[in-house]
Amino acid sequence: MLKIVKDWMNKSNSINKDVSSEGPIPEHIAIIMDGNGRWAKKRALPRSAGHHEGMKVVKKVTKLASNLGVGILTVYAFSTENWKRPKDEVNYLMRLPEEFLSTFLPELIEENIQVRIMGDKTQLPSHTLNAVEKAVEETKGNTGMILNFALNYGSRSEILSAIEEMMIDYKNNEIDSNVSEELFSTYLMSSGLKDPDLLIRTSGEMRLSNFMLWQLAYTEFWFSDVLWPDFSEAHLIEAITAYQKRGRRFGGI
Ligand code: IPE
Ligand code: IPE
Ligand code: MG
């Protein structure tokens with residue numbers, strides 16, 4: 001058994017005791033971090049307090065995932081639909097990456113983690129984009145886990161942009177009309193990243209909310225009622241344990 005898993009098991013009784021290093025650790029975990037607002041509401045706090053607490057959880061989960069040997073951790077931080085929220089909340093969310101990175105970037109560098117961003121950067125405020133691009137730049141040589149932020153990400157718009165770019169390349173005779181799944185994938189914002197093996201969504205909602213529609217075709221889903229700010233290392237282990245028990249057939253037998 002992995003030492004780190006043992007340590008977490010000793011710490012918490014709620015962890016499924018069947019966690020085993022025999023099972024595969026998912027190479028790519030994607031998380032729809034949901035429930036920050038409800039977490040705050042339950043405590044009569046402003047929604048921003050929930051987002052702030054949720055940011056701390058991203059740090060904990062990043063460290064554990066990296067220690068467990070996860071290759072890619074994709075976190076859904078802001079969707080293309082989240083602009084519909086009140087201006088104050090959007091402004092707060094757009095400040096969070098800066099705060100997250102100002103305190104966490106040195107640790108990410110120390111942990112050999114590579115930061116990436118997936119989303120439409122053109123609409124992001126410059127202070128947000130600068131902070132994220134600085135982190136991408138400063139960690140680009142790192143060879144450990146990829147921490148992939150889905151920021152102003154929407155899967156339908158990603159797919160449409162991919163088609164537009166393909167049409168341009170077709171017109172310029174850079175590609176022909178034979179479009180394979182592999183070729184199409186290279187036009188997506190997740191280009192170069194393996195499809196997620198495990199998708200986690202918190203807060204009890206069971207929908208994708210425009211997240212990685214193409215990439216999740218054969219992903220294992222794990223839903224939990226826990227609100228994102230309450231998500232702990234134990235929950236991540238629980239999700240991975242559940243994943244290890246799934247029989248992935250990819251259409252075969
Ligand atoms: C997830 O929590 C964070 C973002 C979508 C940015 P929510 O803010 O959606 O929290 P709920 O779903 O309203 O509780
Ligand atoms: C999905 O959560 C987006 C993120 C977690 C960033 P939402 O809270 O925006 O999703 P819906 O509106 O409940 O579908
Ligand atoms: Mg939500």
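Each residue's number is its place along the chain shown, starting with 1.
Including glycine, each Cβ sits where the backbone N, Cα and C put it.
Look at TrEMBL and you will find ASP34 tagged as active site. Taken from TrEMBL, the feature active site, proton acceptor applies to ASN82. Among the features that TrEMBL reports, Mg(2+) binding site is placed at ASP34, GLU220. The substrate binding site feature in TrEMBL is assigned to 35-39, ARG47, HIS51, 79-81, TRP83, ARG85, ARG201, 207-209.
Here the CA atom of ASP34 (active site) lies 7 Å from the CA atom of ARG201 (substrate binding site). TRP39 (substrate binding site) sits 18 Å from ASN82 (active site, proton acceptor), taking the C-alpha atoms as the reference points. Ligand 3 lies within reach of ASP34 from the recorded positions ASP34, TRP39, HIS51, ASN82, TRP83, GLU220, judged by a C-beta closer than 6 angstroms to any of its atoms. Of all the Cβ atoms in the protein chains shown, 12 others lie within 10 Å of the Cβ of TRP83 (substrate binding site). Annotation note: TRP39 (substrate binding site) sits in a helical segment as assigned by DSSP.
Around the Cβ of GLY35 (substrate binding site), the same chain contributes GLY50, THR202, SER203, GLY204, VAL226, LEU227, TRP228, PRO229, ASP230, each under 8 angstroms and 6 or more positions distant in sequence. Less than 6 Å separates the Cβ from ligand 1 in the case of ASP34, GLY37, drawn from the recorded positions ASP34, GLY37, THR80, TRP83, LEU208, GLU220 in sequence order.
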